[in-house]
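If you look up TrEMBL, you'll see 27-91 marked as domain 'RNA polymerase sigma-70 region 2'. Annotated domain 'RNA polymerase sigma factor 70 region 4 type 2' per TrEMBL: 127-177, in sequence order.
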Amino acid sequence: MRRAASMGMTTPTTPVAIDPADLAGVFDRYARDLLRYCTRRVGEQVAEDVVAETFLVAYERRDRYDASRGEVLPWLYGIATNLLRRHRRTEIRALRALAHADGGARAAEGPAQRATDRVDAERAVGRLSAVLAKLPRRQRDVLMLFAVAELEYAEIAEALQIPLGSVQSALHRARAKVRAALAEGDAR
């Protein structure tokens with residue numbers, strides 16, 4: 001990942017906010033990553049709005065960002081995650097809709113040559129979506145930032161403004177719940 005200094009920001013001992021002129025470069029570098037993360041959470045249409053709003057909030061709060069902390073990306077993910085919380089109902093509905101989608105029925109509608117692994121993958125997505133929809137907010141946020149955004153534990157802690165230990169325990173609990181639920185589904 002890029003350091004704040006490489007983005008045109010100063011990182012000496014005194015905290016320095018993001019220069020408004022640097023925000024365009026930050027957008028160019030990170031908008032695609034944020035869009036990918038948000039799209040997987042709430043769908044493309046809402047995700048575009050959330051990413052745009054993320055950069056608007058970042059611009060409005062640029063004086064609160066301490067460039068000496070290093071990476072700007074975890075801060076942006078934190079803003080995006082907070083905005084996604086507003087769209088939680090949409091996210092939950094989308095995950096539940098995926099969970100209710102019957103992979104077998106969709107396979108029957110398609111061509112007869114549809115591969116078995118495609119059907120299995122669709123069923124797995126439905127089960128996984130149902131599990132994600134039932135996770136507590138913090139566990140889901142931590143898991144998505146880890147798995148989708150590929151952030152390190154420390155970056156997740158910074159993005160969500162929670163202790164590192166809380167990230168580790170939330171991720172552990174989320175993984176355990178996902179594993180158990182998927183294993184239960186396989187046993188059926």
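Positions of Cβ are set from backbone N, Cα and C atoms, glycine also.
Note: the domain 'RNA polymerase sigma-70 region 2' (27-91) comprises 57 helix, 0 strand, 8 coil (DSSP; helix = H, G, I, strand = E, B). In this model, the domain 'RNA polymerase sigma factor 70 region 4 type 2' (127-177) carries an average pLDDT of 94.
Per DSSP, the secondary structure of the domain 'RNA polymerase sigma factor 70 region 4 type 2' (127-177) breaks down as 41 helix, 0 strand, 10 coil.
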